[in-house]
Every structure is written in C-alpha cells, then in structure tokens.
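A short worksheet on the structure shown next.
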Amino acid sequence: MSVDVQVRPEVPAAPPSSYNRGRRVTARTVRYGLLFLFLLFVFIPVYVLLVTSFKPGAEAGVSGAWALPQNWTLDAWRSAWQTLSPSLWRSFAIAIPAAVVSAILGSMNGFVFSRWRFPGSEIIFTLFLFGMFIPYQAVMIPLRQLTGDLGLPGGVPTLIVVHIVYGIPICTLIFRGYYSTTIPAELVEASRVDGGGLLRTYASVVLPLSAPGFVVTLIWQFTSVWNDFLFAIFLSNTRNGPVTIALNALAGGQLTDYAASMAGALIASFPTLVVYIVLGRWFIGGLMAGSLKT
Amino acid sequence: MRKIKSWGPGLLLVAPSIVIIGIFVYVLIAATANESLTDRHSAAPAENYVGLENYVNLLDDDRFIHSLRNLAIMTVVFVAGTLFFGVLWAFLLEKGVKGEGFFRSTFLFPMAVSFVASGVVWRWLLNSAQGENAGGLNALFGMVGLDFLQNPWWSHPDWGMAAMAIPAIWQLSGYVMALFLAGFRGIPHELREAGRVDGASEAQLYRHVIFPQLSPVALTALIIIGHMSMKMFDLIMAVSGAQFLTEVPAVYMWQSLLTNDYAKAAAIAIVLLVVVAVLVVPYLVQNARAERQR
C-alpha cells in the first residue's frame, strides 16, 4: 500500500506548511470545543437528575433549581425505592424470560432464514419485519381480548408472552444478519452432505458459534422490554405492572415530588445503564443490526 | 419430494413463529380494522357495521386534525434534529480523536434510558414559567443572561410540539451518530485517496465523494427515526401527560379507549398504521429485493 502511494504523482502544490499547521491546530481546537459543548448538552439532564434527587422536598421546587443541594439527603431515594421496588422486581420477572425466549426463537428462525431457506422464506421474513415496525396500537384492542381469552393472568404473565411475541421479528433479524456473516454456507453444506439433519446441524455447527449473537440479542431485548411503557399501560396497572408504569404514576401527578421522581427515574434506569456501561460494545452491535443493514 | 425433504425441516422449525406472528400481527390487525367498521362506541359489543363512518368522522374531527398536525410538527423537528446532531457528531469523531470511545458512549447512552425516565427530567427542564418564577431551562437562560431564549416550550399553542421533539432528539441523536459513524468507516480508504490525488480539497471530498456514499445510511436513519416519531406515545405521556395541547394520534387513541369508544380508537389505530406503512413498506420491499439480488 505504501509503495502504491509513493509512485502516485505529486499532490498539487500545498500552501506553506506553517499556514497549514496553523489551520490544523485551529481545526482541532474547534473539533474538541464542539465535542465538549455537546457533551455538556447530553449531561445537563443527568446533572439535574442527580442533584435534585439528593435534595429535601422543599428545596426541589423551582427556585435555586440549578444549585447543588444545601442539605444533602437520601429521603427522596428512600421514598422512591419504597414506591418502586415491587414493580422493579416485576420488571426483572418480565424482561429476563421474555428476552431469553425470544432470543432462542430468533436464533432458530435466523438460522433457517439465512442458511436453510425454503421457497418463499424471503417473503415470510419480510412479513416478520413488518411486525417490528407497526404501531402496536393497531393490535392493542383485540390483543387485550386475546390475552384474556387465552386465560393469561394480567400483569407479569401477559407481558412476558406479549414481549416474547413482538420480540420475535427483531431477534430473528439480528440472528439472521449474524449467521449470514459468521457461519460459512459451506460449513452448513458439509454437515448436510454428511447426512446431518436440520436439528443436528443447528446443534452441532450453528449453536456453538452463536454466543456473540445471543449476547447482542439478549441485551437488546432486555433493554427494550425493560423500557417498554406502551404494552404495560394497556395490559397492566400500578399493582401488577413493571417499573415504567410505577414511575409514571410517581412522577405524573398534579403535585409532583420532583426529588422523589428523579431518584425514581435513576432507580428505574439503573439496570439498563449498567448493562450499557458493562456491555456497551454489544449494545452498539444490536443497534446496528436493528437498522436492517447487516 | 426429495426437495421438500431438504427444505421441509426448515419450514417446520420456523412454523411456530409463523403461526404466532400470523395471529398476533396480521389477524389482530384485521380484527382492529374490523372493529373500526362497527358502531361500538361503548363497552357493550358492537351492533352494526357502519362502513367507513368512523373514518369519515375522524376527517371531520378538529381534534384529530389537530393531533395529526402536532405529529407532523414533532416528526419534522425530531428527524431534522437527530440527523443534524447525528451527522455532526459522526463527522467530528470519524477521523479519530483522542477519547473517541468515551465521546461515543456518552452521546449514545441516552438510548439506554426509557422515555418514561427521561421524561421525568425533561418535564422539569421544559417548565413553561418565565421571568421571576422561571424553572428548568428557562431559569438557566435567566442565570446566564440569555433571557430572550426563555419560551413556553411545549405549552406554546401553535409550535409547542417542536419543543416536545427536544427530549427525543437528546435521546436518539447518538443512535444516528452510530449509524453514520459506521457509514463513514465503511467507505473504502482508496476512494478518499483517489479523491485527494485528483486534487479535491477536504470540503470537495466530503461534498462529492463521501456524503453521496452515505445516502443509504441517511435513508435508514430517516425511516427508523420517522417511524419512531409517528408511534410516539411514552415521551408525551411522561412530559406533558395526556392533554389536548400535545395530543398526537397515539395519545388520542388511548384517550378514546379510556372512554370505551372502541370503534373510534380502532379507526385512529388503523390510520396510524397506514401512515407508518406508507413510510416503511417501500423500504422493506426495496430491502428484500436488494437481498435477493445478492
């Protein structure tokens, strides 16, 4: 590569080098200046959340709102925890099984749609994808009826099933993209020639290579189920629903206790933030896969 | 027969998902559409089919037109804002800066938080009071002498929905940045080299070589952000609650359901579905076609 560059004709006369360096320094200063400015923009809400959550109720009002607390206290955290903790556990009880089951289904579907296609599989796959983009309002009214008819108890069990179902498209998409780039078609072919059936090929060739795909899918699914509000408000209530519902109730009243609701927002975001900070690289992998361009 | 034997098992493995998606997406959409053609305006079962009456009524309903207008304003600002910041951040980062990973993760972290949780703090930040009683961002403007920037945010009767897009921009610009960063990095190095050898300045290089290569990324971002905006529900409920001023079709649908006007709610949901489908279906079809050619 470097040889190649050397034999190329000279780039048209460059301006004097000191001028060039000066410009480069300016460009770099502007670049970092802007980046830090935007960093500030992103952090403003975080500052407000943290600072307000440590204020006593009386201080959390409007005046002096941007100042640090005069009396630091954990009262708001305590009261938010008391209000939210039951729903927090329900959120785990919903998000973990929902993420695991849709990931497993997604893995099987993704394998078939990428490496064991059948006539019409492309069309079916596209029909799956459409299910990911629909506004769920378009299914919500009969869905309430259907989950009732299926005898699902309201709250956690209903939400697990619903999130599994509507998680299938995205999980299938992620695994399909993952398998079509990481599992060589020849490998599957070889297993088939050896007389390996579908399940054996899946279990012995595909699954052992699937760990990164599962990490990405599980993170993605866990985060979106955890953050869901729409299904929750239609299919549960503050007594049997997830933390988003409880938080909305805590923060949404006419006389909002800002200190408690901000502590609550931090508590409710804590699990997904930890996942993001610890496994950020895979989180971004899911983002990319979710954009169809895999 | 031999052929079926080869692809049959694949179909069998995805069959459960096909049935599930078939029922939970397509049958339920049909059920909603069916409900929208009835006169079920109370909790009691429908009595008659009334054809398109509910849709005709919606077109005549100032409240619905108002909600569509709100949706349009928010979507334009949301899409333009995320594209602006997303492209800018990716542009600032793409040549490699010190601490790139840190900047990237910071710009992206709001995505890990739910709209409900971020809505708690944005509700506080977008406080409409000005002058003496100013709170939130207005108070900050007052403190730094930028009083002229104070405004009623989402409480503005005409353009309030533009302010409602601000939290959404905060939350999703990082996502667009990640898309574009991947796009920038996907451009072959030779292409830039060739442009430079041909004597293109940096600005020309971006304008004529790099940005045209990124138009598929821009389309992806447009579709994803656009369809998210059209479905927007959580954020509005968290920031302003359900109220006329900031009502969009998704919220209006929810409100109609609260009054047991099932037929109207179903009609709104179907309109929403059609609007989203107009945006998404051509994209999915084009994607499937490109896939087949590969």
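Cβ coordinates come from backbone N, Cα and C, glycine included.
Taken from TrEMBL, the feature domain 'ABC transmembrane type-1' applies to A:88-279.
Summarising the annotation, TrEMBL assigns region 'Disordered' to A:1-21.
Residues or ranges marked as transmembrane segment by TrEMBL: A:30-50 (among others). Within the chain carrying the transmembrane segment (A:30-50), a Cβ under 8 angstroms from the stretch's Cβ atoms is held by residues 65-66, 262, 265-266, all 6 or more beyond its ends.
Proximity of distant same-chain residues to the transmembrane segment (A:88-111), defined by a Cβ-Cβ separation under 8 Å and at least 6 residues beyond the stretch ends, is recorded for 128, 155-156, 159-160, 163-164, 167-168, 170-179, 202, 206-207, 210, 213-214, 217-218, 221-222, 225-226, 240-244, 246, 267-268, 271. What TrEMBL records for A:88-111 (among others) is transmembrane segment.
Feature annotation from TrEMBL assigns transmembrane segment to A:123-143 (among others).
The feature transmembrane segment is assigned by TrEMBL to A:155-179 (among others). With a cut-off of 8 Å between Cβ atoms, the residues of this chain six or more beyond the transmembrane segment (A:155-179) that come close are 90, 93-95, 97-99, 101-103, 105-107, 109-111, 113-115, 125, 128-132, 136, 143, 147, 206, 210, 212-213, 216-217, 220-221, 224-225, 228, 231-232, 235-237, 239-242, 286, 289-290, 292, 294.
Feature annotation from TrEMBL assigns transmembrane segment to A:199-220 (among others).
Under 8 Å from some Cβ of the transmembrane segment (A:258-279) lie the Cβ atoms of residues 48-50, 52-57, 59-61, 75-77, 79-81, 83-84, 88, 91-92, 215, 219, 222-223, 226-227, 243-244, 246-247, 250-251, all in the same chain and six or more residues away from its ends. Per TrEMBL, the feature transmembrane segment maps to A:258-279 (among others).
A Cβ distance under 8 Å defines the sequence-distant neighbours of the transmembrane segment (A:123-143), meaning residues of its chain 6+ beyond its ends; these are 109, 113, 162, 166, 168-170, 172-173, 176, 230-231, 234-235, 292.
Distant neighbours of the transmembrane segment (A:199-220): 99-100, 102-103, 106-108, 110-111, 115-116, 170-171, 174-175, 178-179, 182-183, 187-188, 191-192, 275, 279, 282-283, 285-287, 289-290; these residues of the same chain sit at least 6 beyond its ends, with a Cβ under 8 Å from one of its Cβ atoms.
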